[in-house]
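Before any comments, here is the structure.
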């Protein structure tokens, strides 16, 4: 019986382990208002960056409007130069879960760690 539980646990960890370790980013393929880009996506394992491209910088100056952006998972991301005044489509990159909430790096979500902890606690109770 104990062997069956170990196999079951291995299958669960194998299935959800990649999702727990995969990066999560906000994604919107077409330019939308930044406040409306709220879809979250589990990125492919080779996509280790969240990328945000700002499309309508001129309409938010002097920071009264809502910017238009695209957001995605990316395997490569080259951020814009911070001194690049006048760039038409600035790009920002980050590498923690849901860090591209505003197009700037932020603290990530500990969801994967919590899932792993819950599974190990469940294993301890079952055995």
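Keep in mind that glycine also has a Cβ here, set from the backbone N, Cα and C atoms.
Database features, via Swiss-Prot:
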DOMAIN    25-100  domain 'UPAR/Ly6'
CARBOHYD  46  N-linked glycosylation site
LIPID     106  GPI-anchor amidated serine
SIGNAL    1-22  signal peptide
Neighbouring C-beta atoms (10 Å sphere around the C-beta of residue 46 (N-linked glycosylation site)): 9
Segment-level pLDDT (mean, integer) for the domain 'UPAR/Ly6' (25-100): 86
Secondary structure content, the domain 'UPAR/Ly6' (25-100) (per DSSP, counts of residues): 9 helix, 28 strand, 39 coil
